[in-house]
Amino acid sequence: MAGLASNLPLIVMIGLQIHYAALAIFTRAALLDGLSTTVFVVYRQGIATLALAPIFFSPKRRQSVKDSLGFRSFFLMFVTALVGVTANQNAYFKGLFYASSTAATAMSNLIPALTFVIAAIAGFEKVDISLRSTAKILGTVCCVAGALTMALVKGQKLLHTEFLPSIHLTGSQGDDWLLGCLLLLASSVFWSCWMILQVPITSCCPDHLLSTFWMCLFSTIQAALFALLSESDLQAWILQSPLQISCSLYAGIGIAVSFFIQSWCISERGPLYCAMFNPLATVITALISATFLEEEVYVGSLVGAVGVIAGLYIVLWGKAKEFAEIKPEAPQSSNLLDDEISSRIDLEQPLLSEKLSEHATEADSKV
């Protein structure tokens, strides 16, 4: 039992990456089956809000709303939901439709590097000539180069089999691939901005479950308004097949489930440990989608994905070196606060700049 307990984070993280891969494949199948991307975002966020609603209605958190949440808190959560959920998810699922599930999971590995760039521009991340900063810059360049390779270079086909032709699904071709990759890149930028915006939100609302509920609620309303304006066909709101219904339920409930699992893993092993498993979803997605959905994988896509993953690990190495230097100098109480903020920021894409945590701590002290 002791061995199982010690290996439980490893088992859970592998299972979580399988979940992310299944979500990408399952969702693309539903989108190619006729499910509207904008309507899907509404249903996904609405189901997630309902799943988290019991948390909001607990007496403890109702009191937390009265005590700690003001206009500034709600405004920040509204803006964060707009950028990190509504814009992010609409761009992601439209890109998933135009490109492929493999490209979608590969592009998600850009998030740590993009977060580093945005944090450096915002002044949250210190950039110097040290080895760790050089590694983060080099990793960022490698990630971006890999993403551009995926978007602009195709080459010969790979891993294209016909084991199950009855499940064959075809998507858009030609220029739509480039558009899909650009949308996935935009989605990663939006998600990186979401991570940065968690710093002021954490200082205003330390209860991450409560703030997540409000962001889900706000994003549901925003996504519904966007869908009503962009989707003129009312028939698009009707889920036409069991695949579309089950995909919406799986995606919505999956948010709440993965939220708790990711939070627990980060609290047990830290954000860097969790981030190391991200590329596993890309590998699983590529193998399953090419084998069972006959999704085409190109040489350019494979080379680009390898570049993105290599860049991710270079950035993680730089962050690990930085964390190793900072941790011995920080007092115990500060470390605990950093861990708490790390868990908040990295609920779904687990990478945190420890510099962001320091700024959040400073903001708390000023308040």
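Just so you know, glycine gets a Cβ as well, placed from its N, Cα and C.
Bear in mind that the values here come from a model prediction, so they are computed numbers and not experimental data.
For reference, TrEMBL has these:
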TRANSMEM  7-26  transmembrane segment
DOMAIN    10-150  domain 'EamA'
TRANSMEM  69-87  transmembrane segment
TRANSMEM  107-125  transmembrane segment
TRANSMEM  137-157  transmembrane segment
TRANSMEM  177-197  transmembrane segment
DOMAIN    179-316  domain 'EamA'
TRANSMEM  209-229  transmembrane segment
TRANSMEM  241-261  transmembrane segment
TRANSMEM  273-292  transmembrane segment
TRANSMEM  298-317  transmembrane segment
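Only pairs six or more apart in sequence are counted, and the transmembrane segment (137-157) with the transmembrane segment (298-317) gives three or more Cβ pairs under 8 Å, enough to call it a contact. Summarising model confidence by region, the domain 'EamA' (10-150) averages a pLDDT of 83.
For the domain 'EamA' (179-316), the DSSP-based tally of helix, strand and coil residues reads 119 helix, 2 strand, 17 coil.
Sequence-distant neighbours of the transmembrane segment (69-87) (same chain, 6+ residues past either end, Cβ-Cβ under 8 Å): 41, 45, 190-191, 193-195, 197-198, 200-201, 204-205, 210-211, 214-216, 218-219, 222-223, 226. Taken residue by residue, the domain 'EamA' (10-150) breaks down under DSSP into 123 helix, 0 strand, 18 coil.
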